[in-house]
Amino acid sequence: MLESVLRRFRPLSAASVRSLSGFPPLFPAAQVRKTFLDFFQESHGHILVPSSPVRPRGDPSLLFVNAGMNQFKPVFLGTADPRSPMATYRRVVNSQKCVRAGGKHNDLDDVGRDVYHHTFFEMLGNWSFGDYFKEEACHMAWSLLTEHYGIPANRLYVSYFGGDSKSRLPADEETRRIWLDLGVPPARILPFGLKDNFWEMGDTGPCGPCTEIHYDHVGGRDAAALVNADSPDVVEIWNLVFIQYNREADHSLRPLPKFCVDTGMGLERLVSVLQGKRSNYDTDLFTPLLDAIHQSSGVGPYLGRTGAADEGQVDMAYRVVADHIRTLSVCIADGVHPGMSGPELVLRRILRRAVRFCVEVLKIPQGALGSLVPTVVHTLGDVYPELSVDVDRITDVINENEAHFLSSLEQGSRIIRRTLSKQETRDDPFPASVAWSLHRDLGFPLDLVDLMLEEKGVQVDREELDRLVAQHQKAASELQSDAPSQVTPDVLSLAALLRLGLPHTDDSLKYQYQLDRGRYVFPACHATVLALYDGQVLVPEVREGQRCGVVLDQTCFYSEQGGQSHDLGYFTRTGLPDVLYPVEAVVRAGGYVVHQVTAADSLKTGDHIQLHLDQVHRLSCMVNHTATHVLNFALRKVLGPSVHQRGSHVSADRLRFDFSVKGSLGSSELQQVERCVNDIIAANQMVHSSELPLQRVRTIPGLRTVDEVYPDPVRVVSLEVPVSELLDAEMDRETSVELCCGTHLLQTGAIENLVIVSEKQLAKGVSRIIAVTGQEAIQARETGRALSQDVDSMSARLPGSAHSSLDYAQRISREASVLSDAVDNASMPQWQRRELQGRLRTILRTTNTLIRKLEAREAGQKAQGLLEKNNIKDLLVDSVDTDSLSDSTALAASDWAMEVCGHFGGRAGGSAVVAKGTGISNDITEALRWAEHIARQKIR
């Protein structure tokens, strides 16, 4: 068969060795991509597998999919569900959407500075899973590049793994010989070490040597010295990885039972080669975007300049916006939205970086960034159809986030200019406290602050900034504890406020938000400082940097109560709009709302301020609080009226709910509760609230309360049915209705999804549920599906006693233990965790039972060998090498050792399996004879 394969690859003809002018005059990116896919699919029997979303499927080690092989990890690792199509893959080809921003592979900070870095790119790849290997892979790659794409062979160099003596890995001479057979000159076949030409999936797992194909943009010279030398003139275009080893935990390498090929070639770089461009941004993947950006900008056209030649960083800004709008469009289409943690936080940084360059450098009006989405769809939508489906939604998400950031950006720029104007010289470091305030209060990524300062020739006080970050992390940890906040006024402080005749704080604005075309709009709030606390002491004024408690005449901030976390945000003082007073905690005591603040400037009673609410944090709390009510209702509906709330806590990232129940919930009950909750979410029920006299609301059927003192009048929150209708004695409609002072959604649909990720008994009769909502819930379900497939795969690979080796059984046992740990610790549906835990326990029991049988069989074989060596004696005293001590005989080692050593005046100890001791004798033969004698007595 190999001969027939090789016949398809004829020797290079003279036509293959052409100058750069020999390229076709037009080789559009779409044709480049199609040629690659068709070559492997139609000519070499590969299956075309669509790109996976950029959000990894059940892989918490990645923020984004960053390589073509990510979705095929189960195949490489042998964990693919044997019933799935993936288990049948032998030859595969695809074009994978990839994002490298954040985590181990992070190109974000480099994008725009040069002409080849990107946060989003397409990875062309072909794979063999136990099918072809090095020879056919190299032949196909060379044929595609030189014959189908027409790249001159005299512009290409190849590298291969040159071996590593420390790892005892020989040079990959097989690959070198393959390239020689293909006609590559020996001087263009270059050896490199582990760093450049040995690929590893991680600290452990599949790995192997690789061979790379490099292209010389200049040509007509010997450029061998520039390969792998970070030269922009000689670039890698294709990496062929030959996965043939497995890296063990002890760093040793073991050959894999099935060899694989994993190749990757960046489309953007390949297109630049085929279109004769030195810059990826000069290809038709980017020129439509650059033209669209220019049409909206207030600057000249893109000229491709870099470094000092790029005056005002205009061309850098073009590249940043063109790259980032592609990343934003693809990520949002795949369900990753700008947010506050994980990949969502990275995407938020990308969007804000793009907006900043749009506004400050390119002079692009608001909304123009989102208007680029159709251009992205035009260039990518044919191959990634999900982009075409969601054009309007992608645009809306970008526009909404842009508008929010622009207001913060303008204020941040003013703060930087104002701070710099106060410094005596530009040699002074920028105050870390101001940089931290921009990050904490306005949402500026710290690297963006660095970039804005870099443009002005200033650096931040890095040591002090690191100290502030560490201090913030410590403070956040303290605030999450159950200890009362330090700003809570004591009885004497409250008495002092009353003596001064200060009115209680009006915090009704915290409830006065509305839905406007699907977005929550929160009211503006202006207030007057009524009192200031230094610790527990009232003071007329506080100084810059002083931590204090602030009492206002009114506030829109929610104070910590009813199990809901307090709001976050900041104040600004009238006449000083660029100085931010961060609000770190909010508590309510005696009718007064006290805001814990670190003063950014002086503050005194009588000052007028404006309050700025952290709307993302508030909305997250609203989502989880409404979800808690829905969960409470679902528990009672599924488990019966005996369920009563025993406590709860709502934060921006999760909800916790304690309730009375006879025992821990079963998997079926957990699923029923989740279904009930998600049915209500899907129905997008209205959330109603009213403030009524306490005595009157107690007549409402099905009213849920907890054991605490309620205000009178009291706030009532209900789902679907207005509170006024629930007061009707004849109303007989089952719904959620609770006394609650928290802030809630106006419709349940914004919860999106709920997953119970933990359920356990705190004490007899009381259980605690922890649940997540929204994207965190969706990700938890994806993680559960992925782990379930892993367990299915392991079940299919369980060894049978008749034909299994001890090594294989032990390896399965180890893998099951690792998978069990992953199931125990993952954020996933609790019902699914329990099912998988049960299955894994069964797998471990089965494999461990088999291991004991195999060990016994092996021990018996070794014992038989000893008997034969010693002429089949009834009892032997000798040593036997063993891999395990799990089997114990009727003769306890500790008893035997104590008898023998005691006879010789010594002592011994140990277990039934292993024992040791000492004694005094100058005749080892006598000691062995006595040991045999004791053993015979014990056995009888």
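Glycine is no exception: its Cβ is also placed from the backbone N, Cα and C atoms.
Note: TrEMBL annotation is automatic and uncurated.
Since this is a predicted model, take the numbers as computed values, not measurements.
Residues or ranges marked as Zn(2+) binding site in TrEMBL: His625, His629, Cys740, His744. Under the heading domain 'Alanyl-transfer RNA synthetases family profile', TrEMBL lists 27-783.
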Original post:
Using an 8 Å cut-off from the Cβ centroid of His625, His629, Cys740, His744, can you name the remaining same-chain residues around the Zn(2+) site, in sequence order?
Top reply: Thr626, Thr628, Val687, Val717, Glu738, Gly742, Thr743
**OP:** Across the whole of the domain 'Alanyl-transfer RNA synthetases family profile' (27-783), what does the mean pLDDT come to? Round it, please.
**Re:** 89
**OP:** Note down the number of other Cβ atoms within 10 Å of the Cβ of Cys740 (Zn(2+) binding site), including every protein chain shown.
**Re:** 24
Original post:
His744 (Zn(2+) binding site) has how many other Cβ neighbours within 10 Å of its own Cβ?
Top reply: 23
